[in-house]
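Colleague: Starting off with a structure, shown below.
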Amino acid sequence: MQKHPTDSQNPWLELRRLTPARIALGRTGTSLPTDAQLDFQYAHAQARDAVHLPFDHAGLSAQLAERGRDSLLLHSAATDRHSYLQRPDLGRRLSDDSAQALRDYASAHPGGFDLAVVVADGLSALAVHRHTLPFLARMEEQTAAEGWSLSPVVLVEQGRVAVADEVGQLLGAKMTVILIGERPGLSSPDSLGLYFTYQPKIGLTDAYRNCISNVRLEGLSYGMAAHRLLYLMREACRRQLSGVNLKDEAQVQTLDSDEQADMKGNFLLGPPQA
């Protein structure tokens with residue numbers, strides 16, 4: 001009878017350098033190695049912590065002020081984290097006090113904005129804390145070049161994606177973008193999502209929004225995300241729509257030409273044979 005080693009490495013081990021996904025974990029007997037099991041539990045704990053981490057909106061507001069950006073601190077109709085998680089509908093609307101504060105601001109600053117900029121904690125305040133400022137810096141470089149007017153950064157605690165529609169409507173904005181923490185994954189507890197809407201108003205569904213996902217250092221870069229967002233904004237203004245009828249066809253320069261990419265072949269199979 002042939003004996004097999006107790007510990008075994010996966011032949012796909014070399015591919016682990018290409019992805020944070022849990023592949024090529026190996027085995028110990030009929031189970032995972034201890035290191036892989038502990039790493040899984042640690043990643044799961046990180047994801048849970050990201051969901052429950054409080055949104056430091058005051059700290060983010062202070063950092064924005066240091067960069068010369070005004071901000072407004074608002075709250076959704078969800079009074080706390082428990083109600084936010086149990087009642088998604090409450091996170092989609094502003095509280096009565098916040099809605100009135102925004103109306104008062106709009107009355108004092110008539111004329112509206114081209115773009116309402118909203119930041120909400122979503123399901124990962126960690127993502128917002130890490131990525132909001134560097135992304136906004138890249139985005140504002142490009143919006144300034146287009147001559148678009150931006151609202152103060154509206155910080156919404158316990159907010160969900162659709163809360164940006166109410167913010168945009170109350171501010172009289174032509175477009176809105178909300179930066180929001182995405183649902184944490186086991187390899188990405190700090191993924192930031194961008195949701196863009198043309199002519200925002202209360203009651204719009206996801207079909208009217210465009211999403212740019214996984215904005216973080218290990219995912220979509222800040223510059224690339226800003227480039228895609230600006231493309232959507234230009235096309236939305238030209239075609240006067242957003243959502244499923246507006247496709248992201250932004251041309252992105254790559255390090256390799258198409259011809260070079262074809263010569264590489266499938267990375268799983270190695271270079272093509274002559």
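Just so it is clear, glycine is given a Cβ too, placed from its N, Cα and C backbone atoms.
Pulled from Swiss-Prot, these are the listed features:
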BINDING   VAL161, GLU182, CYS211  adenosylcob(III)alamin binding site
Colleague: What are the sequence-distant neighbours of VAL161 (adenosylcob(III)alamin binding site), meaning same chain, six or more residues apart, C-beta distance under 8 angstroms?
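Modeller: The list for VAL161 (adenosylcob(III)alamin binding site) reads ARG92, ALA120, GLY122, ILE178, ILE180, GLY193, TYR195, ASP206, ARG209, given in order along the sequence.
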Colleague: Same chain, not part of VAL161, GLU182, CYS211: whose C-beta falls within 8 angstroms of the C-beta centre of the adenosylcob(III)alamin site? Give them in sequence order.
Modeller: GLY122, ILE178, ILE180, GLY193, LEU194, TYR195, SER213
Colleague: Look up GLU182 (adenosylcob(III)alamin binding site) in the DSSP assignment and reduce it to helix, strand or coil.
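Modeller: Where GLU182 (adenosylcob(III)alamin binding site) sits, the three-state DSSP reduction gives coil.
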Colleague: Please find which two of VAL161, GLU182, CYS211 have the most distant C-alpha atoms, given that the record lists them as binding adenosylcob(III)alamin, and give only that distance in angstrom, rounded to a whole number.
Modeller: 11
Colleague: Given the binding-site residues GLU182, CYS211, which one's Cβ is surrounded by the fewest other Cβ atoms within 10 Å?
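Modeller: Candidates: the binding-site residues GLU182, CYS211. Fewest Cβ atoms within 10 Å: CYS211.
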